[in-house]
Amino acid sequence: MEQEQDTPWILSTGHISTQKGEGGQQTPKLEHHNSTRLMDHCQKTMNQVVMPKQIVYWKQWLSLRNPILVFLKTRVLRQWRLFSKHEWTN
């Protein structure tokens with residue numbers, strides 16, 4: 001049970017209410033400093049999650065060009081072999 005007390009969502013005793021902003025739009029209003037800590041924790045966690053995803057997307061994007069290059073290389077090699085074979089037999 002003591003380990004659970006270290007997590008921000010267990011420590012948060014405040015609650016989020018809404019306040020009217022400009023244009024009558026309701027926005028969340030944090031009423032406890034632990035709620036602010038929870039929001040900061042969530043933001044940091046999201047940032048840690050987003051970065052590896054961006055790296056994965058870049059790797060996928062970079063690997064997209066490789067199959068195309070491999071396809072072109074094999075196609076050219078096949079045509080070259082066919083051409084060479086054809087020249088050899090004639």
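Heads up, the Cβ atoms here are built off N, Cα and C, so glycines get one too.
Feature annotation from Swiss-Prot assigns compositional bias 'Polar residues' to 14-28. If you look up Swiss-Prot, you'll see 1-30 marked as region 'Disordered'. The region 'Mitochondrial targeting sequence' annotation in Swiss-Prot covers 65-87 and rests on sequence analysis. If you look up Swiss-Prot, you'll see Asn66 marked as site 'Low pathogenicity', on the strength of sequence analysis.
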Averaged pLDDT, computed only over the residues in the region 'Mitochondrial targeting sequence' (65-87): 78
Residue counts (helix, strand, coil, in that order) that DSSP gives for the region 'Mitochondrial targeting sequence' (65-87): 23 helix, 0 strand, 0 coil
